[in-house]
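**Student:** Before I ask anything, here is the structure I am working with.
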């Protein structure tokens, strides 16, 4: 297809002109007006709509618009234009065919059909009339501008561009992507790889470049192209195959046009795409580049539409054609003939195009077409639309002949209708049959009869051609000149003539002449009644006798005859003619010698001398007859009628049959003068004048029909009619007698019609029913028309043969079906070969079909013989069309003598659940109901073969693997262990049970080791009381949960199998996967130690329990495991504690009661046991639900079977009872234990004095809530439930693995959401624990997603091999290793980053780079003198550090421009949690939330909490330092560890006495006195700043007591915060002296004074006016107060007055000189009462000489 410059503009115009969209094509009513009223046609055919296809290039639109004007304004039709959507080439072809077939459009006036695919051409040719040329051709090409050819002589020859770089060097443009992007804008690229894969990418995006240009783009020039789909791939192939350095830049439709306009305005040396005739050379004068000439036009029909083809020739010149629908003639014949005749030659097209601009609008194109038509009204418009069609005023009164499409006189068109009810095919009317017309009646009747049959019976258009002027003897020339197609009556055919013989033999263009059915005879006749009156008047001798003169005959008298004929008798014999003998002495007559001598002669009235020229003249001369001839010409008949009326006996020339003979009653044997009989040879010498020797009579003439031979090719039915139309003598004479000229009263048409209606045998013989009424469904015995034989034939064939009949082509043949197609037999009606149905084959006679035996099949109909089932297929049934594929895991066998397989047995790794007879039975039932099961390798329902859960257990043919002591496995699918064998998981091979002693030993070691481990864990947890930095137990819990859940997920995601496969590939793979394998192993041990480490089943089977009962016994044991373990633990702890109390009673004096110690120790171990045993019990109880309804290949089993023992039916009542019991156990243990571990601590916290940090609570439940924020102490119970959900979801075996994967993924995503929402772990290690937990959830997420992606791809067309399965788990593996690294870091973090000292293990360079911890200190600056003071005053408003001095250097801190994010987050967390403490304390004390927060109080309370936390951190630092100093050698360290262990054991057995609160420690040291020796020695530790992590850990330690709702209520007996300060006052005031902030009374007084008083402090000279002017001031300038109250009044003034003071004294500098002297007693009283002064944050007790700076 060719483009128009702006498809978008056309679309808008279509909408503007009322177009509507139907099925993606647009239809617009053509309502433009060209000719004014009276200039065009006057007919109205607007009830008929003509639809013209409108393509989107200029020439097409111009031609279509011109045709639309003619159809609308000259012919009166309603015209619509149809615009099809722009589609890809193959879809465009389909759309053209679809819309043409549906009648959406009826004519395409400029089609490039010859360039389109051959298949498309064939389909279009079936729907349209034979394509006719429109008059011009088209040709695509590459062009240059004319000025380029002026500069370079050979620039229009392709070899000019052959050398790389040459054209570029002389000025041709190269590719420029920026310019292309700028030109196209958002439409870039016009050529993209998504639509056409060969388009360029990267730097060549938007281009296409041949390989030679890709390698060296700088040597190539650019060719500007349009859409890449225009001539898609053609010129790309030419450039590539001619090795031309040309790159194609695709600008699209609009871009190419505008680029072309730019080149016209500003010429450049560039190649561009265009075509003719459109706007190639026509508009811009472009010069086409010549490539090698093509040999044929067909090169463009089916070429490969990519650059990879082999084309290397130029685009050929293509003739453009008109496509006119076959239905248009019947719908609108005037439109059909107009479009058929419309031709636009190259000159006229160029005239149209040169009047149009490429950017012309729709209206401009319409106006151009209108102007063109107005200039060609006479030579174009009225030629294709003649006046008889348009009804133009003043036109001749001609009428339109629809059959020929021409105008004719009304008389020339016979409107007579004989057969009113006949409705022949109108399609034949487009074929015109021309019949010759002469001037005698029988000829006219034969012509009329033939014409009626042709037109009314067959539907042809008949035209009568007047051939009167052509002598009958010239019939061969008449036909050879193609003036007529047939002449139905000719008297001048001599079959003995050599020329005629050549026609008879098949030579020439004339078909062999055929007799018409009757004979004619010329002769001399006597008037009616003359023979009766004169008996011998019909014999020639009568006219040479003496009786003639007296017989009454008209005697020749020239004068009389001339007078009677009015001189017209001379006309036939004119001087100079060849008839010299009638121009003699008496012109117009012939007188023999007898009459010329003066004798009386009878006169014979002749017609023309050329009729039988010279024959009768010879006869009367040679027989000396007294007869003279008078030639009356055309007046012969009228002259004879006059003589007849006058009853004048006369001889005359005539012939029979004829109208005259009929009217006068003349016949061949009556009234005709008889001469000597004719014989062959009597007239050998032929002479055309009277001097010839002829004496014999003229014989009867056989009348022949003549037609052209090619008539049978274009109208075979018409040729048949002409050839078979026969009328006998009586019939023709009857018609002649009925005619008006023959004595009747009928016209020619009436006589012919009467004859046809009454002589039906003539009609049936010439136009048989096989033509006029062919059978709708021809069958044997019917008579049909054969276009090949051009005759009617009866369809018949032998019984073993069928008939091949094509009604269109007339092809008829009998064929033996078994010969042409060995798999078919004749159908019942023998009209076709019926293929034997599938599953049958022809019998030996080829007359019937027989069934295929078992083991053989006939897949398709018409199979010659049944084939044996191929390898891998089987068929146990007869009469089958196919063999079923052997089921997966089956080996097909059976059959003999090449009959094929009839059954199968299980292959290795598979198991069959039935016998051979059951296989056949199930096969019958299955294949009757499942049509596609034949081609599926699914196992037979309920039989299999099914894939064994342990494939290597099934060795084939239902045989199980052998062990050392016989079969290792048994039962269905070899899914049960034989006696003496055991396995850990269902998909493993059973192995021989170990010796009982070994199993018992392992069980004992595991039990003892587990108990010991729990004890150590309990002791370790108890020892870590208060150590909130340790994360060992937290990491242990997270990893244990992770390993258990990873094991469960690994079963669903096939992780176990993937790891095993990778481990077997080599050492490197084994090492790489070892962490995952180890993790899975740990998870297996934690989840199911009874199978992972030892086997209880072996012990039970050894004791006589069956293998089946041993599995159930194991499930029952899981239900009693926890109660038994708890009872054993209680007994063990009670026994040990009681025994120790008996052995060493002195250690128990003053201790807690024995029952209390036993309870605490048991409770601690019980919690740990329930925690670790809960997943074990859950897994064991879930095992009973591990039922599979499908095998390992996901094929449905006969029933749900227990995977641990495949012989057990899960739907059996006994197994259902076990499932019910296990369900109860899951509720009690799997869900009950987390609930218990939540409810018991909750009740203890709510109803007792215990807090989370109480030693009793910590010792029992600390393992559970260690690491969690206080608000989320219960979260471990939720995590236990989460673990339960994971285990249950992973073991819902009635769901498919994919469904379980989706369910697990949903749960994990929800758990991730919960974790991110709550972040339950405390923020120690900079939220490291939360991140560790998140890593575990992320690992699960990626693991499940990997499984889903792998399954998705394996179930699509893009299925990948299973060997690529590990690829999908790469993200999960990455997260797994991140998890391990983070866990390792958290464990080692306390060593790497010591909490209370610099990281000494790190190198200095790393320490300086990584250690940027933020710290806090409440030690004030050392001084504000000198430069430090000035610096402080300049930075005080934006500083958090003040003048820190060398404090940072003591901590070895390095400066950094910006605080690290983790430190920022830690600091924010501290502030956030401090605020949370304050808010909760307020809500506890006041029982309501704060409404208005008083800022000084808020900040003071925050300061109190932070100072308390810092105090606790400093104390912990000092204790730790002492521990390090006492264990500064390896020996001391080992001794200390042993001492700690003894203490742990003692505490566990005896119970720890003393104060349990971590805030009220039972340390023997005194921390309230700053002068204590231990504090004096730890000055550097107290002075060292406290890190954010230290404060955070201390804050967590203080949290439970600070927000305890019981101990912090309004009227509580004890104030924990005040007690803490009192206990550690020495640390607080050692350097910072800030303990006064905890004085509640002072703070209250300050609030009151701020509200009620305002003291203005002024200069000393204005302060107190006394008698001496210095009242109240001492001599040294200080203000002396007399009482503490007065000091408070001065110091605790309003903040506004304090500002006035600073302003009045001259600012801060002057203010520093103002002091208040406080007497010692007042100071002492103030020191003692500081805790009661609420506002003493600005006041420090001073000595008598101290000064307080304001």
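Using the three backbone atoms N, Cα and C, a Cβ is placed for every residue, glycine included.
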**Student:** With TrEMBL as the source, identify the stretch among 1031-1050, 1051-1070, 1071-1090 annotated transmembrane segment.
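**Tutor:** When 1031-1050, 1051-1070, 1071-1090 are checked in TrEMBL, transmembrane segment belongs to 1031-1050.
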**Student:** According to TrEMBL, which stretch among 1262-1286, 1287-1311, 1412-1436 corresponds to the feature transmembrane segment?
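**Tutor:** Among 1262-1286, 1287-1311, 1412-1436, the range TrEMBL annotates as transmembrane segment is 1287-1311.
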**Student:** Within this structure, do the transmembrane segment (1031-1050) and the transmembrane segment (1369-1388) have 3 or more Cβ pairs under 8 angstroms, counting pairs 6 or more apart in sequence?
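**Tutor:** They do touch: at least three Cβ pairs between the two stretches lie under 8 Å.
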**Student:** Would you kindly list the residues that approach the transmembrane segment (1287-1311) from elsewhere in its chain, counting only those six or more residues past its ends and only Cβ-Cβ distances under 8 Å?
**Tutor:** 1044-1045, 1048-1049, 1051-1054, 1087, 1175, 1178-1179, 1182-1183, 1185-1190, 1194, 1200, 1203, 1226, 1230, 1337, 1340-1341, 1344-1345, 1347-1348, 1351
**Student:** What same-chain residues lie close to the transmembrane segment (1031-1050): Cβ under 8 Å, and 6 or more beyond its ends?
**Tutor:** 1017, 1020-1021, 1024, 1056, 1079-1080, 1082-1084, 1086-1087, 1172, 1175, 1263, 1266-1267, 1276, 1279, 1283, 1286-1287, 1290-1291, 1304, 1321, 1324-1325, 1328-1329, 1332-1333, 1336, 1339-1340, 1343-1344, 1379, 1383, 1386-1387, 1389
**Student:** Which residues of the same chain, at least 6 past either end of the transmembrane segment (1332-1349), have a Cβ under 8 Å from a Cβ in it?
**Tutor:** 1035, 1038, 1041-1042, 1045-1046, 1049, 1052-1055, 1297-1298, 1301-1302, 1304-1305, 1308-1309, 1311-1312, 1315-1316, 1321, 1368-1372, 1374-1376, 1378-1379, 1382-1383, 1386
